[in-house]
Amino acid sequence: MPKPDSSHDSPSLDNALRSVTPGQGQPPFEDNIGNAGETHQDIAKGADHGDGAAHLTDNFGHRLADNQNSLRAGERGPTLLEDFFLREKIFHFDHERIPERIVHARGSGAHGVFQCTKAIPELTKASIFRKEGNSCPVFVRFSTVAGGAGSIDTPRDVRGFAVKLYTDSGNWDLVGNNIPVFFIQDAIKFPDLVHAVKMEADRGYPQAATAHTTFWDFIGLMPESMHMIMWAMSDRTIPRSFRMMEGFGVHSFRFVNAKGEGRFVKFHWKPVLGLESTSWDEAVKIAGADPDFLRRDLFEAIAAGNYPQWDLGVQIFDEQWAAQQPYDVLDATKIVPEDDIPVQIIGRMTLNRNVDNFFAETEQVAFLPSNVIPGIDFTNDPLLQGRLFSYLDTQKSRLGTTNFHQIPINAPKCPFHNFQRDGMMQTLVPTGRANYEPNSLAEAGEEAGPRACPETGFTSFTANDERNDPSQKLRVRAELFADHYSQARLFYRSQTESEQAHIASALVFELSKVELEHVRARVVSRLRNIDEDLATRVADGLALDLPEKAPAAKEPIDMKPSDALSIQKNVKPIMTGRKVGILFAEGSDKAAIDRLKGEIEKAGGTPFLVAPKVGGIKVKGGTLKADGQLAGSPSVLFDAVASILMPDQAEKLAKDGAAVQWFMDAYAHCKTIAHCEGTKILLDKAHVEPDEGVVPIEEFASVGTRRHWAREPKVRDLA
Ligand code: HDE
């Protein structure tokens, strides 16, 4: 264990992790307890085994002689209760699971570093932003919202984007999503929202899906959700990779500078790889081909040294500007358009280390929006205010103790000292009798403990808000929160034609799964306030008579469309971070394959060889091993595909459903298909027609891995 520390400094992460590593934490015995001449240090090193392996012991240090057979009364007799090895092993195993998160149960985490790239002391006294180059470690957890911990990675769902920054002035948790707005305006509705979206209470399904009756029933009755619904039905909720999605703090927060001046701030994480999403058909197929698609993608990218990066951007505005807007900046169902307040980049985050242990780190990490540091403060957003309570509370039920902050992944990396004591699973051993304050123990030469620091400690910002009368207690929603449609319209009208079609199809799909017709109709009646064309398309898709327009609490206004809201307008035409599937078979030209692999790697992409068999295959110029077998490596797993085949092999594969589907899907998902002459028969069988994205192998590098949306009308009915 880390040495007990009277100052109660947090154990550093390294120390704390070491404390559970076999061989650490031995008491300093020098006597021999093992084989002749063997000391504790030898035992720790596993001296006995001669191969560096440690001795297997129980949790109290007793060595096991046999880990295969329990202790029994006779060769064929019952097992003895006396077997303390067996009892402890089974006892511990029985209690391995902890309650999963009520939302965001399915998540993937990684370590990294954040660095300030632009000092902004005039805006905030937060130490991390005081000087360019200031840096701190971070831990990030990406998640889906609705599904359980073992659910698939690619349902249509919002993604959590939670960042813990271990700064020198304490942990700052920016617990955001990949969508900048939320379904509801007030925390009091959160339990209802979550009950409605999770599997239905009586039947226990569907898992990880919004496409069901109770979700849409709640949504139809909650017009404030309409803006979020536009985002949720867009391709934002089916990201290609965590590495290619934006993150948002969602709420307006406050920056406070050394003079005590406050300004509103909205936080944005912008992925260096640009934005990219899958298509719905692709996401559904990925769920079968690789349920861990996004988790694997993150892990493999970091393991390969392709570290994902995001720029941290801020939008800054003051009370005066906020008061002039047609929406309330305290309303989490609204964005502040980037065209009105541009995003300034102030830092960069790099994820450069995978977790060592999923449970200890990704599962036990506890994010608290209430973790802010001096220079960053909350606002009166009623959703944020509710979150400030909920997250602390939930950690007690998940992690079982108020001492969850001592778990290495949660502990700050700066010292912490206070008079909080005891509680379950207390691992610190404070010394002395100063566990209260004030005390005068110092006058007798005793350790008196820490004191508050008025100069550098956290002080809450007092907003000068003329629109608020704190002397009244009211259960109301501020007037400006009433416009539920203008920004939903802004979002829809900022999308490309293809993206608008995706939103319409997503709504048709989701509502088609709703069993109650009046629920479908109510949602469509609300869509009419957003965009008549959208409402008509959805009604048509459901074979529903267009219902009357729902009355709006406030008539929507037209806002200026913004390119920042579209994914397709923010894709970077780069191969970096993308994966290309290369299909080959017996007799394929190894030199051509090597050449193509080299080109992909040079452009920052990852080639992945696919063949009918994974073991060595005889090719022209030697033998070649595949990374994946054809049936297990469908083209949905790649950003683009290429094939280098001899005509006889292509003919053989044309009779194999997996091969034909490989090209059919790549084509239907608007991906680049690079091929050699020999593949022709297979392409014909898959109905692949020539276009700008179907190119000879030699042209692959110039076309790259971007999608060819112009092809879409040929492969989908976009009505
Ligand atoms: Fe959460 N949310 N949330 N949420 N949330 C949780 O905390 C809650 C909201 C978000 O990877 C829970 O530790 C309430 C908005 C993320 O561990 C819980 C309200 C945003 C994560 C909780 C909201 C989020 C959570 C469940 C309405 C985007 C995963 C487990 C007032 C800004 C963090 C946990 C991780 C998790 C409550 C709304 C993001 C129950 C009451 C808005 C990324 O405390």
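One is the number of the first residue shown, and numbering goes on along the chain from there.
Placed from the backbone N, Cα and C atoms, the Cβ positions cover glycine too.
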If TrEMBL says ARG101, PHE190, ARG387, TYR391, ARG398 bind heme, which of ARG141, ARG236, ARG240, ARG348 does it name for the same site?
-> ARG141
Would you identify the secondary structure of ARG101 (heme binding site) according to DSSP, in three states?
-> coil
Just report the maximum Cα pair distance in Å for the recorded heme binders ARG101, ARG141, PHE190, ARG387, TYR391, ARG398, no decimals.
-> 21
Confidence over the domain 'Catalase core' (57-445), expressed as mean pLDDT on the 0 to 100 scale, is 98
Which same-chain residues, if any, lie at least 6 apart from ARG101 (heme binding site) yet have Cβ under 8 Å of it = GLY107, SER143, ALA149, THR394, ARG398
Taking the Cβ of PHE190 (heme binding site) as the centre, how many other Cβ atoms fall within a 10 Å radius?
-> 18
Given the binding-site residues ARG141, ARG387, ARG398, and counting only Cβ atoms in the protein chains shown, which has the most within 10 Å of its Cβ?
-> ARG141
Cβ contacts of TYR391 (heme binding site) (under 8 Å, same chain, 6 or more positions away) = VAL175, ALA366, PHE367, LEU368, PRO369, SER370
According to DSSP, ARG387 (heme binding site) sits in helix
